[in-house]
Structure formats: structure tokens, C-alpha cells
Amino acid sequence: MDAIHIGMSSTPLVKHTAGAGLKANRPRVMSKSGHSNVRIDKVDGIYLLYLQDLWTTVIDMKWRYKLTLFAATFVMTWFLFGVIYYAIAFIHGDLEPGEPISNHTPCIMKVDSLTGAFLFSLESQTTIGYGVRSITEECPHAIFLLVAQLVITTLIEIFITGTFLAKIARPKKRAETIKFSHCAVITKQNGKLCLVIQVANMRKSLLIQCQLSGKLLQTHVTKEGERILLNQATVKFHVDSSSESPFLILPMTFYHVLDETSPLRDLTPQNLKEKEFELVVLLNATVESTSAVCQSRTSYIPEEIYWGFEFVPVVSLSKNGKYVADFSQFEQIRKSPDCTFYCADSEKQQLEEKYRQEDQRERELRTLLLQQSNV
């Protein structure tokens, strides 16, 4: 049976589904790579909130902004304290033109310009200590300023080092080595109609305590007539009989049973591509080497779900007795040999569609009556 490769722009390859190309540009809450598409807007004092949580703000910065900020911070502290040293020397009379008075002791030796004060600040803060410029006992204010500079800049260096280590140690990059299939399929698993996705760990280091869950996001109208734009419903996934903590050493297929309790129970081959929903899938796991908790995310919209297909097997046994995961087959699907579940009786489908339309009309009428009663 021929396999079909599903890539980032290969949705039109599936020709058996009517309307496969419709609504392809619908908005997504989450991108395929797991990044949020929600824009936070019109929040009073949002910059103040970011400053109050400065640690998280700096860690979340991109590297180019972080490096620019830290470089600018060091240069500004050198210059600021250099200006203060220059002011102290000016007030003390160390910058008078002409020959220095024989009995005059300057606050800082060899500092007779703003450039010299800047270099003294830089040498003191970085503990270079060339030995040419040095502070004397003549000015207690200069001594106090030197102590304050070293204490303040030490705290800045501790903060910078901590944020660098925290950003490097974050398990974000580890989560990027967890691969989700680009599409999902609806097929039969153990005689039950299931929605199936495929997940793989791209590294040899194991992920322990894996938990995969899903959230169905769709518009919902309550009995009171309130319209919830992104109602969340839990979608439970299983893998074999170890649904609590699967052993993700090889690419695995996770399935969700489309039974009476499923929020996707109304899906049919005819209405799948016309539905308005987004299925967000989250995999939480603990990294074996660091014990850090990481999360990998993706989402599926109706155009990325294929009815009557199944994934091509990825794992095989080599001649020397080793298990091999062929990732060239990871994004390939093929038609399911059992076509009974998508070749259902047309009268039954028409009856189900009639009931759904009647329920929708009744809900709209209830909403209209409620709105009129509130006038």
C-alpha cells in the first residue's frame, strides 16, 4: 500500500476529503513549534510588572538583547563611577592647570582628566591593577566610593552570571529534540475509533515520567447564551497499557478514543474539515541527566487531521538484532486497510446530521429568547 509523505505544505496530497483546502489560514493559538500566538495588549503598567520580576524578564530575553544589555551595563557603570571620581578630583583641586603644588597630595594618583578617571574606574572594577593609578588616603569620599563601586558591581556580576547559567541550563533546548508528527490520523486501534499522533525522542538520553495530555480549544455557547471563544476540554491520550508513564525510548503512537465521553465524538469524515477547533498537545517529562522538567508542545487543526489513514511503522529490527528507528518514515501515512469506519451508512450519517442541526437551532433560539428577556 502506497505511503503519503506529509510535510509542512503537503495537505492537498490527501484528496479523499472534501474541502481539504478550506480555512487553511485560520488563526492558531499555538504554532506547530509550540510557541504561543497570543498577543498581550493594553495592560496597564506592563513594563513595571516586567521590572518587578526582573529575573524572569532577563532570562526570557533573546541572547542578542541580553548580551547588548550586559555590555551596556558594564560600560555605563565604568563611565558613571569615572565621572564621580573626576568630580571628586576636581573639587579637591587635583585638576588645576600648571605645575602641581609640592605639598599637594591628590585623591587619585595620575588622574588628571576624564579619560584617566574612566580608566581608573575600569581598572578598579575589573581588578586589573596596572599600578599607575591608585587611590590615596587624602580623600575619604574617594575611598568610600571605591568600596561602593566594588560592592555594587559584584552584585551586578553575580546577577549576570546567574542569569547566564539559568538560561543555559534551561531544558528548553531538550524539549526541541522531542518530535511530534506534523499530522494526526483517525483510525482504528484495538477495534475502537481513535485519533492517533506520533511522538519521538530524538536523543539517546532518556526522558522519564512522561505524561502526554491534550486540550481541545473551540468556541462554545453555554446554556445561558454566553459565547466562550476558546473553551478548553481535556483530551486524554493513551499508549498501549502504560498510559500513566510511557517509556519513550522509541517513536511511539499515542491515541485518543473517540467514544461517547470524548470532546471529539461529533467528528465524521464529512464534517471534519469544516469544524472549528484546535487540539493542543503537551508532553511533560523529566530529563534523565539533569532531573529538570521540560515540556514540548504542538497543535493540530482540522486540516492536519486525516480520516481513514494510519502511520507507516518507523521501528524495525536490523540484521544484527538491534532496533532501528527510521525517521525518514516518521511523517508518512497510508490508507488504513479497514475502511468500514469511514464508509459508514449514509442514512445514519444523515440522521446524525439532522439531530445536530436541530440541536443547533434549539440552542440559537434559546440564546435569542434570553437576549430578548434581558432587554
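Backbone N, Cα and C define each Cβ position, glycine as well.
Looking at the stretches 13-18, 19-24, 127-132, 301-306, the one that Swiss-Prot records under the feature motif 'Selectivity filter' is 127-132. Counting residues of the motif 'Selectivity filter' (127-132) by DSSP class, helix then strand then coil, yields 0 helix, 0 strand, 6 coil.
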